[in-house]
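If you look up TrEMBL, you'll see 1-37 marked as region 'Disordered'. The transmembrane segment feature in TrEMBL is assigned to 60-79, 163-183, 227-246, 299-323, 369-396, 430-451, 457-478, 646-669, 702-720, 729-748.
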Amino acid sequence: MASAAREISAPLIQKEAEQYDASGSTTPPPYEEENSPIEQVALTVPVTDDRTLPAVTFRMWTLGTLACVLLSFLNQFFWYRREPLTITSISAQIAVVPLGRLMAATLTKRVFFEGRKWEFTLNPGPFNVKEHVLITIFANAGEGNVYAIHIVSAVKVFYKRELTFFVALVVALTTQVLGFGWAGVCRRFLVEPAAMWWPQNLVQVSLFRALHEKEERPKGGLTRNQFFLIAFTCSFAYYVFPGYLFPMLTSFSWLCWFFPNSILAHQLGSGLRGLGIGALGFDWSSISSYLRSPLASPWFATVNIALGFMLMTYVIAPVAYWLNIYNAKTFPIFSDGLFTSAGQNYNITSIIDENFHIDVEAYDREGPLYISTFFAMTYAFSFACLAATIVHVLLFHGRELWQQSKSVFQERKMDIHTKLMRKYKQVPEWWFTCILLLNITATIFVCEYYKDQLQLPWWGVLLACGLAAFFTLPIGVITATTNQTPGLNVITEYIIGYIYPGYPVANMCFKVYGFISVKQGIAFLQDFKLGHYMKIPPRTMFMAQVSSTCVLLFGKSYHLADHEPTLIFLIQHELIEQARVKVVGTLVSALVHLGTAWWLMDTVPDICDRALLPPGSPWTCPGDHVFYDASVIWGLIGPRKIFGDLGYYSTINWFFLVGAIAPLIVFLLHKAFPNQHWIRLITMPVLFGATISMPPATAVNYTSWIIIGFVSGFIVYRYYREWWGRHNYVLSGALDAGLAFMAVLLYLCLGMQHVDLSWWGSDPDGCPLASCPTADGIMVKGCPGYMRQV
């Protein structure tokens, strides 16, 4: 540990062992003996800060905007595919390095308006780590999917109704910005405390160090940079196999090979349409697509996810199916479909009237809607997860949060990173509050003015915002400590579905404003913590985050060490400067995401329609299918007719109680056996929330993820600690980046030219009977009973 402590105390950019304060004078490096109480952070994040590095530069604006545009386009493009590929900001983080260094070598170093208060230069010196961090923050805006576009897909593709581009854009923008206010309010609770360590950020911190630090190669080993290049090359070269030559590597469901005609074997063994027993994915995109990188997951969180997955998939699901609970055998064992009582696909269009509202008489004629038992149980686990999140945070973090609330205006103990960040001018909370209030006002106006398209009344907007405000803090605590984010999507659907049933678009909008604003707030907070670790000035972070929305002017760059008057002017006029540029990243991301989605819906024939798409087509839209299903269940028909007193699935409401009691049991056990520290690591929100993304996530997305998480988080971390500290997060970034670059290359060179391979290895699962029902008298096309009937 002593060697590790010496290693992480090295500054990211060495300045002859000197540190500069705001006035430019040199002082000894502070806090040499201090480090974070979280070991993973202590092994990864440096404890020094070079305040002379310029962050807001012309290079930052140019490369950040470019990265945001490209990632927004690519992620929306791949979102509609069978295995939705998320190209993370890590890819941009790597790709901009040579471009930044090229700009540093070629741009003029001329100082414009020299000697005046507006003095600036396009090239303040070598490409540095702080502007690199801000570029990555820009790229983060393009990484995440703009959730509001699900509304566009559902209305235009599934319901085949009218929704104008302008209305869609306004909804996308307002939902993206709404979370920024929640993030600002929760900063003091979720960014400054050392216990809120945000594991995913350590991947990017490791990569920044690998790309910027000059490191001596250890004897018999590799530098971080060398290791990254080797891992990146291997990942890039390997993805040609699961991505094109041998797609079966996505889900290696070997059990189906031995029993090709057995429905039972296919149900058990299929990694994509069954329980995934023995199924393995040798494809990093399927491993990290829904749960993110297993290398970034803390071991205790990996264990909780594994337990939740096994409880749901290998205990509850098979028992419920073979006991025929909720007529389970009438439907596929794993499906996101909507069915009639006879197991046929439900004709949703027949129960919608001309006003885009449920036709109650038609619904009574068609009969009640059914879903697969697995799908129903994932909703049950969602109920439990929501209740468990609130109770867990109150029991295990309530005292800490209360103490932080009381000491907001008092001095309190800070870790090394917070001490370093306190040297910078902080962002006033009223900035965030103004953004929040303006956005809520704009949202109410849009929903009222375009009520014929959005259906959501003004009070629905306020109620959604109230839910988001209440849940941001507890969900943020879970994310900051476990790397897993419980979702509000089900509870938001449930509430508005009871209050305002029969309006599917209103239900979707309420979910987006109540759920995605929290999700977006969590993303902003994660970026705040990344800036916290990398010592980015808070006001510069504010600008970059809100700015990841629209390209405006060019950024000024200041070399603070050389121009003290410039620094003084910047501080005095910083609010004006922020106002000029704060319109940049979210608008870009929303525009590009929406434009890409609109283009694909107009150019890909039968996109998302699995019945009409040709066999093997990648445009199956798994995420949008589940979103549409939810709008029918909770919005069009309403929870009362499905999960309430008039519904078939009313008993799963008891899972709210189960979720509330489970953390209390863990807490009592922890108090009864205080020496058994492992008890406190049982995190019921993570355990219950492990499978709430199934579907569209499938069993194979979990099996390989759990294995790799075990190897990394337990074996390597425990027995090869030094290797883990140097290379674990670098490896995660290299795998992400190599896969992303090869995936884009394959599509550009082969996919756009419709160059396909067709052989037995092209089937990504090889279990065609997994979706067959087993109840007597139920005939489904492609299943044995159907063939006999024909």
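Cβ atoms are placed via backbone N, Cα and C, with glycine included.
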Would you call the transmembrane segment (227-246) and the transmembrane segment (646-669) in contact, using three or more Cβ pairs under 8 Å, pairs 6 or more apart in sequence?
no
Contact between the transmembrane segment (457-478) and the transmembrane segment (299-323) (at least 3 Cβ pairs under 8 Å, separation 6+)
no
Going through 163-183, 369-396, 702-720, 729-748 one by one, which has the most CB pairs that fall under 8 Å from the transmembrane segment (646-669)?
369-396
Verify whether three or more Cβ pairs under 8 angstroms connect the transmembrane segment (163-183) with the transmembrane segment (430-451), leaving out any pair fewer than 6 apart in sequence.
yes
Let me check one thing: do the transmembrane segment (369-396) and the transmembrane segment (702-720) come into contact, meaning three or more Cβ pairs under 8 Å with sequence separation of at least 6?
no
Dominant neighbour of the transmembrane segment (299-323) in 163-183, 702-720, 729-748, by Cβ pairs under 8 Å:
702-720
